[in-house]
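Reading through the structure tokens given below for one structure.
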Amino acid sequence: MKKYQDILLGNIEKTLESWLDQNEGPIAHEVVRRFLHTVTGTAGSIGLPDISSTASALLRRLDENAPQSWKKEQLRVYLNDFIQAYHEERGTGSVPAGAVPVEPEIPHDEAPVVLILDDDPAFSAFLKEELQRAGYRVLTASQTAEAVRLVHEDQPDAMIFDLHLQEERGFDALRELSGKLASMFIPTTMMSVDDTKANRLEAYELGADDFVTKPLDMQELLARLARQLKRKQLFAKPVQPVQKAERKTIRAAIIDDDAVVRTMLQDYVKDCFPSDVQLEIRSFRDGERFIQDAWFGEPVPCLVLLDRMMPRMDGIEVLLRIRRSSNSSFFTVLMLTGRKSENDIVKALELGADDYVTKPFSLKELESRIRLLARRMA
């Protein structure tokens, strides 16, 4: 981890020196915003929490009233807390002296390939090593044009975008690549410090399979990535003619102990599937009723909207039963949870949930998630 911290700290030093110690002209507001955005996400992910939190606090203070450009002394005053945090980190370091970094094993030739699009070298190098340590082969690109070339030439198994690049937005890259990614069943994950509803919705509408927040929780990212690739393998399997006929009928099971939620979700789900799909929808007020129903044992594609907290049998137990069943591959599970604990989310993903939404949820965001899963199933 220390080598990535050194890369980032070196980049910060060069930036501050060019802004504050050299005879440069005014610094554009957008340049300062991008710098703080990059540092917030990268520092938090590689073990520099004080620098990350200080940059994040400054980023929140930027608003429409901020100057379009910063003079040297204005910027020095504004960045005072950040400069102090930087010098404290440079003086102490966050990795114990004598610590020996563990080099990742070189993944074998058959390992899944993940393409990273991020123009921050420290973060890109860190994420590459973490993915390699988890057994993936990794390609990196810092510009959309380079990512487009790698997608066509190397055909990666999954792709991870950063939303904010220096010269463009990750949305532009996703928009340019969406057709190719969809045709090749390449799952995509968008990363950003800006975890706003608008950003998440735009990502899902453009075809992203997931949206994760920087600083990254690597355990959660790896769980999501593994689930995406498992789903991709199912799509890649040859489909027999009989199976094609069966997939014309798709079911949606809504399992929630709240009658109002069940009724509302039934209304929303029916409009989320393509018109050429014969959709069957049923609701269940607890997990036991679903497990005992004929639907649980029949090999028909089924979207399960599953509440996490229910009496008698909670959502995690239902999820376990689904994933242990012989028809597990026919079920696509969207977990609905009121808990925001990262451990709870990771547990659901590791046990086989395809996605999750936290309550209270935005109906528009929930609809986007359901539509995305519906397109995969149709």
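Here the Cβ of each residue, glycine as well, is placed from N, Cα and C on the backbone.
The domain 'HPt' annotation in TrEMBL covers 1-100. According to TrEMBL, the feature domain 'Response regulatory' maps to 113-229, 251-374. The annotation phosphohistidine is assigned in TrEMBL to His37. According to TrEMBL, the feature 4-aspartylphosphate maps to Asp162, Asp307.
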Counting only residues 6+ away in sequence within the same chain, which have a CB under 8 Å from the CB of His37 (phosphohistidine)?
Leu59, His164, Val193, Asp194
Please list, in sequence order, the residues in the chain of Asp307 (4-aspartylphosphate) that are at least six apart in sequence and whose C-beta is under 8 Å away from its C-beta.
Ile255, Asp256, Asp257, Asp258, Val261, Gly315, Leu336, Thr337
Do you know the DSSP helix, strand and coil residue counts for the domain 'HPt' (1-100)?
69 helix, 4 strand, 27 coil
Per DSSP, three-state class assigned to Asp307 (4-aspartylphosphate):
strand
If you run through the domain 'Response regulatory' (251-374) with DSSP, how many residues end up as helix, strand and coil?
55 helix, 29 strand, 40 coil
With DSSP as the yardstick, break the domain 'Response regulatory' (113-229) down into helix, strand and coil residue counts.
59 helix, 26 strand, 32 coil
